[in-house]
Amino acid sequence: MDAGCPRLPDTVLFEIFLYLDHADVLSVGLVCQQWRAVARDEFLWKELFYRYYRVSRDVPRHPGAVSWYDEFQRLYDTIPCVEVQALKEHNDQVLHLSFSHSGCLFASCSKDCTVKIWSNELDISLQHSSNMRPYNWSYTQFSQFNSDDSLLLVSGVFVGPHNSSSGEIAVISMENFTLLSRVRNKPYDVFGCWLNETNLISGNLHRIGRITSCSVLWLNNAFQGIESENVNVVKRLFKIQNLNASTIRTVMVADCSRYDSPDLLLDYEEQLAASSTCPVFDLGSDSEEEEAKPKAPPEAAVQELPAAGGVPAEHGLQQLFDDIMEGRMRPVMTETELETKVAELFVHNRTKPPEPNLLPTDSNSKTKYLIFTTGCLTYSPHQIGIKRILPHQMTTAGPVLGEERRSDEFFDSLDHVIDIHGHIIGMGLSPDHRYLYVNSRAWPRDCVISDPMQPPPIAEEIDLHVFDLKTMKEVKRALRAHRAYTPNEECFFIFLDVSRDFVASGAEDRHGYIWDRHYNICLAKLQHDNVVNSVAFSPVEQELLLTASDDTTIKVWRSPRAVRIRQARRPRPRKLLFSWLMNQKS
């Protein structure tokens, strides 16, 4: 035993462990022989892990971990929580960030109406900036690289006649940064997304009544200005009815081909006995008593939609009008209720049934899901709609628009609906597209919505839900740490991102947050001077994270391990060292 190192019981050493800093705990093996022996004791590290991180003992060790010691070190050393660079080239709020699939580039959108392309090298540098004001844009809000990183989709708010605002999507070539095409997008918070390398999805909205409308989702060829007039460059995908002032927003595409080989399988809770509550960990709280009490928000209802059928719409409408005229309708319906009822009856027999067998059974399936926010009770998005895209729908080639079916005689039904019971403010897919992560602000548990233009008040706490898209079931892993303060009518999107092991999100409380996907614990809070709107992990290096804020900056965060490696790679200042040696000799 080393001199000066007293012999202590292992239990005492373990209690000392609990009060040490991460770095001290990981370096205790350097103190003395006894510390070296205890520092590698698996039982003590397991106990330390569960106590320090407050993880339920029902949660097993990460499937990829070799030991509890290595797992403790992973959660300390690989979290991108060290700020290494602040990018200040934007002069207004930065709204969104997106990486290329190679991780070599990323794009940023801002209220300054530019989209900037950055090079991700040893030090991140600006490579190109496109100003969209000449195209009557008010600001840029979202971007996405296509699968081979040759094209960039940029979504923004377009100022039309009489200062009306709609949306527009621009496609930019990454070869020479030229603008290839522009597509109208309404409402603007549909954002838009890529379906494949050359086709993108946009939206349009048609008003039918005061609170009734129709959303049409279009498939567009990215090279519209180049293709021949004899070739289809646009084709209608789906036409969906909206009730009670709701609209389709925030579209994204999930690829089902990797569902049987996910990066991280969140299945350990399926092995537990059925739990009556869904624990919500308020890791942002300063109160130990508050953290000790599990909070259970209303469960999100996942529902399969029935096929349309039954009483013909014309008969139902006639019966409704007869009941109104003869005074048999009790209680008397308001104008809003009457419009919704008529719309429901009218569309009942004019809607295409949902696709049978939504869940993919073939691991090599080319099926893709179109995922979007929607609603049925009020204008605030409170449901997630899922519609299967079949292989023949993934190209603009084929019959001329409208020839393949009588498009004016029926709507498309949704294949699946997930009811969140709250205002949805963010969605993101895991890299393998198996899991859907959803930020929402909950409604009061027993609230009743009587007026679609008056949605319930929303909570300040943001709940992070997780849904398994293979089973269409919620994984009972709701997290709470981040907060938002704006009311319903001012509520805006807060983008989240998911890597192999972590999930990150912005918040209105001037922080970005990082959680571990397996253990459901908050690992880091990343400081900004204003609202954090967006986060983005590098797709090839999850120890690199970007955050974008209303404070006009983009911050670059790396893990302690990555910082040490990069510092070791930097060339040493040999000239200064030589000068110092010469001075010492003289």
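Heads up, the Cβ atoms here are built off N, Cα and C, so glycines get one too.
Keep in mind that TrEMBL annotations are predicted by a computer and have not been checked by a curator.
On a predicted model such as this, the values are computed, not experimentally measured, just so you know.
Annotation comment: TrEMBL describes 2-48 as domain 'F-box'. Marked as repeat 'WD' by TrEMBL: 87-119, 525-557.
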Reported mean pLDDT - the domain 'F-box' (2-48): 57
Same-chain residues at least 6 beyond the ends of the repeat 'WD' (87-119) whose Cβ lies under 8 Å from its Cβ atoms: 125-133, 137-145, 147-149, 152, 154-156, 172, 174, 177, 495, 530, 533-541, 546-550, 552-556
Residues in the repeat 'WD' (525-557) grouped by DSSP into helix, strand and remaining coil: 0 helix, 23 strand, 10 coil
Helix, strand and coil residues within the repeat 'WD' (87-119) as assigned by DSSP: 0 helix, 19 strand, 14 coil
